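Listed in TrEMBL for this protein:
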ACT_SITE  ARG294  active site
BINDING   GLN109, HIS111, GLU136, HIS275  Zn(2+) binding site
DOMAIN    5-153  domain 'Phosphomannose isomerase type I catalytic'
DOMAIN    169-256  domain 'Phosphomannose isomerase type I helical insertion'
DOMAIN    336-376  domain 'Phosphomannose isomerase type I C-terminal'
Amino acid sequence: FPPAVFPLSCVVQNYSWGKVGLESEVAKLVASGDPLVQIQPDQPYAELWMGTHPRGDALIRDNRIPQKTLGQWITDNPACLGAKVKDTFQGQLPFLFKVLSVNTALSVQAHPNKELAVKLHAQFPEHYPDANHKPEMAIALTHFEGMCGFRPVEEIVSFLQNVPELRALIGEVAAEQLERSGSDDPRGVSAALRVCFTRLMKSEKKFFVDQLNMLVKRISQEAAEGKDTSGSNGDLLLRLHSQYPGDIGCFTIYFLNLVKLEPGEAMFLGANEPHAYLYGDCVEIMACSDNTVRAGLTPKFIDVLTLCEMLNYTPAPSSSKIFPAAQSQLDPHVYLYDPPVPDFTIMRIEIPASIKLYLISAMDSASILLVIQGTAVGTSTAAASEMSLHRGSVLFISANESMSLHLSSPNGMLLFRACCLL
């Protein structure tokens, strides 16, 4: 039998928003995973891709396996996905697993649902390369900040009253409509919110740049005088403006929740949820798609009309955006992040130092295992030989295969396992 459990060497993406050199969790994981890799101190290490995406298909690190990449191996051995996964997702691994190290903000964006993805791909294949939806989930590895979903209306109204430059862009009529909308009429609230956000995103370039410059100047002066600028979200405004001067995305901070995650906390981004990662390191998992509708904090193609049309305009507090992990009933060391989509699930596995032998259990899905901390020797009847696991190791585990970890680290282990639980 060919080995069905094997180590991977994964692709790094050096996008400009990534943390630089060994500041980056991606770089640290890659450097400990493969001591031969040279980390360039001035190069951004933004994303580590663990999966079969054509722009980052993982290499197989086992010379007994003839296939070079994970994608080729799955194509030749589709049963490794598990029967249900193979049938549901046409013989493809249904998710892409990543580590992100974010230094400067990513674009304000949302991902389409299946129906819209089919339409966008048919109309604009050069911008929307496939017909799939792209729900995603991020789990913090370090303190992590992002914007996600629309704020409660009272917060937005308070900014409209404290930030005259914002009110000028939205216009008096739309601002008053939102101020008058009552919590007893959620559809009215969403409609008013849609009008306000669309007015903002479609404002004339020269007009919004002038307003933004006025706002930044005013906040900078107030901050220099030691005044409290929180009523205008001053700190975040100045930070984003220094990263993307003159960008309409700077104003989205008045509409979107700021969500702060501590290590182990997660946020799930369903279809049509506006979001932007701001800073920190996380593991991320997503459905296999590249469909992103962008509208600010980016030099890339922006599609304001589509974005404003598609968004979910339901206001909610930032606390509601934190996605809870559930401790597994079967194994108290496993915490499950199981979102309301079929494409993926993540397990966080925390093995205490007192345990010297731990079983990574078999499941009816292929999975990818990432070691964040700790060391062990892994053995499996499905592996060609024993494997040394340490920080940065990535393993592919075929469906219905298990693996024993013989732990050798004084501090236990932290692992993340990406899979598909249908």
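Any Cβ shown, glycine's included, is placed from N, Cα and C.
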Pairwise CA distance, GLU136 (Zn(2+) binding site) versus the residue listed as 'active site', rounded so that it is a whole Å: 16
Tally of residues which DSSP labels helix, strand or coil - the domain 'Phosphomannose isomerase type I helical insertion' (169-256): 67 helix, 1 strand, 20 coil
Pairwise Cα distance for the residue listed as 'active site'/HIS275 (Zn(2+) binding site) [Å, integer]: 10
HIS111, HIS275, ARG294 as recorded positions, winner by CB count within 10 A: HIS111
Distant-in-sequence neighbours of the domain 'Phosphomannose isomerase type I C-terminal' (336-376), which means Cβ under 8 A and at least six residues beyond its ends: 8, 29, 50-51, 74, 80-85, 88-89, 93-95, 97, 99, 133, 135, 137, 139, 141, 264, 266, 268, 270, 283, 285-288, 323, 325-328, 330, 388-422
Helix, strand and coil totals (DSSP H, G, I; E, B; other) for the domain 'Phosphomannose isomerase type I C-terminal' (336-376): 0 helix, 21 strand, 20 coil
Neighbour tally for GLU136 (Zn(2+) binding site), based on other Cβ positions within 10 Å of its Cβ: 23
Other CB atoms, at most 10 A from the CB of GLN109 (Zn(2+) binding site): 25
Any further residue of that chain within 8 Å (Cβ to the Cβ centroid of GLN109, HIS111, GLU136, HIS275) of the recorded Zn(2+) site: ALA110, LYS134, LEU269, GLU273, THR292
DSSP-assigned states of the domain 'Phosphomannose isomerase type I catalytic' (5-153) in counts, ordered helix, strand, coil: 40 helix, 42 strand, 67 coil
